[in-house]
Amino acid sequence: MSKISLTHIQKMKQNGEKIAMITAYDATFARLFDDEGVHSILVGDSLGMVVQGHNDTLPVTVDDMVYHTANVARGVQNALLIADLPFMSYSDIQSACINAGRLMAAGARMVKIEGGDWLCETVKQLNRNGVPVCAHLGLTPQSVHLFGGFRIQGRDAQRAEEIYHHALALQAAGAQMVVLECVPEQLAERITKALRIPVIGIGAGVRTDGQVLVMQDAIGITSGYVPKFSKNFLAETGDIRKAIRLYVEQVANGQFPAAEHTFN
Ligand SMILES: Nc1nc(=O)c2c([nH]1)NC[C@@H]1CN(c3ccc(C(=O)N[C@@H](CCC(=O)O)C(=O)O)cc3)CN21
Ligand SMILES: CC(C)C(=O)C(=O)O
Ligand SMILES: [Mg+2]
């Protein structure tokens with residue numbers, strides 16, 4: 001499992017090769033995405049919305065994440081498997097270690113946590129115990145009620161500066177990757193250039209080191225509100241395999257995301 005190592009993904013940044021990541025929640029889709037050349041698969045806590053039907057990601061439990069991570073892991077041969085630590089499961093360092101341990105034992109090869117420099121000690125302690133960490137910055141959905149909605153972050157200079165400094169601090173603490181969600185592309189570009197670790201964007205423009213999408217958005221089956229930054233790759237291909245291949249291709253050649261998927 002996970003023949004594509006973290007080292008491989010980090011080398012892709014150095015070589016200017018774009019990284020394609022997508023979410024998966026079960027073995028069948030995970031295997032298909034893996035077959036079509038996706039570099040990394042994320043078991044996102046977005047499953048609270050797209051699988052469980054909640055309006056946000058807060059009700060997702062560690063048990064839920066362990067269950068889906070184990071299922072996805074059975075379908076993955078090559079892609080780097082990342083799992084989200086859900087809401088309130090890393091509010092202190094001890095909980096973070098116990099819960100990250102469960103995700104890693106279920107087959108994750110990296111865990112993702114939402115937040116800024118206050119997580120530096122958590123990142124260090126996870127690393128000391130052998131757990132690679134991806135830091136999620138910008139629109140961190142677990143803070144939706146703090147933000148007052150799923151709103152773009154970093155539009156004003158002060159908040160942009162804040163996000164930039166959180167990214168640097170988390171890299172310095174040992175984070176091996178960053179996901180940057182819903183920020184203006186100018187800020188995403190600045191952070192991507194400043195960091196040596198890969199920056200994966202979602203709604204962050206085309207200048208990051210890679211992209212991630214929620215799988216239901218990528219094949220255009222999300223009901224209700226579909227975020228502006230997502231694209232239905234099934235529409236032009238009529239076939240899920242071809243849709244994912246097209247996603248990987250358009251990430252690689254910079255066709256996705258286009259201006260219409262980007263915030264300024
Ligand atoms: N289907 C799906 N796709 C996602 O990308 C996603 C989830 N679910 N669930 C978990 C989080 C929540 N996410 C979201 C949800 C909504 C917006 C949204 O409404 N964005 C507005 C921007 C609003 C503004 O202008 O500030 C948009 O127009 O896209 C963004 C991210 C991203 N994640
Ligand atoms: C949208 C991505 C980055 C995520 O965190 C998730 O799917 O939960
Ligand atoms: Mg998430």
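Keep in mind that glycine also has a Cβ here, set from the backbone N, Cα and C atoms.
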Residue in D84, D92, D156 which TrEMBL records at the Mg(2+) site where D45, E114 also bind: D84
Shell of the 3-methyl-2-oxobutanoate site beyond D45, S46, D84, K112, same chain only (C-beta within 8 angstroms of their C-beta centre): T23, L42, V43, G44, L47, T57, V60, M65, A83, L85, P86, E114, H136, P141
Contacting binding-site residues, sequence order - S46, K112, E114 vs ligand 1, Cβ under 6 Å: S46
Distance, E114 (Mg(2+) binding site) to S46 (3-methyl-2-oxobutanoate binding site) (CA atoms, angstrom): 13
Other C-beta atoms that fall within 10 angstroms of the C-beta of S46 (3-methyl-2-oxobutanoate binding site): 21
Cα-to-Cα gap, D84 (Mg(2+) binding site) vs K112 (3-methyl-2-oxobutanoate binding site), nearest whole Å: 5
Of D45, S46, E114, binding-site residues neighbouring ligand 2, Cβ under 6 A: D45, S46
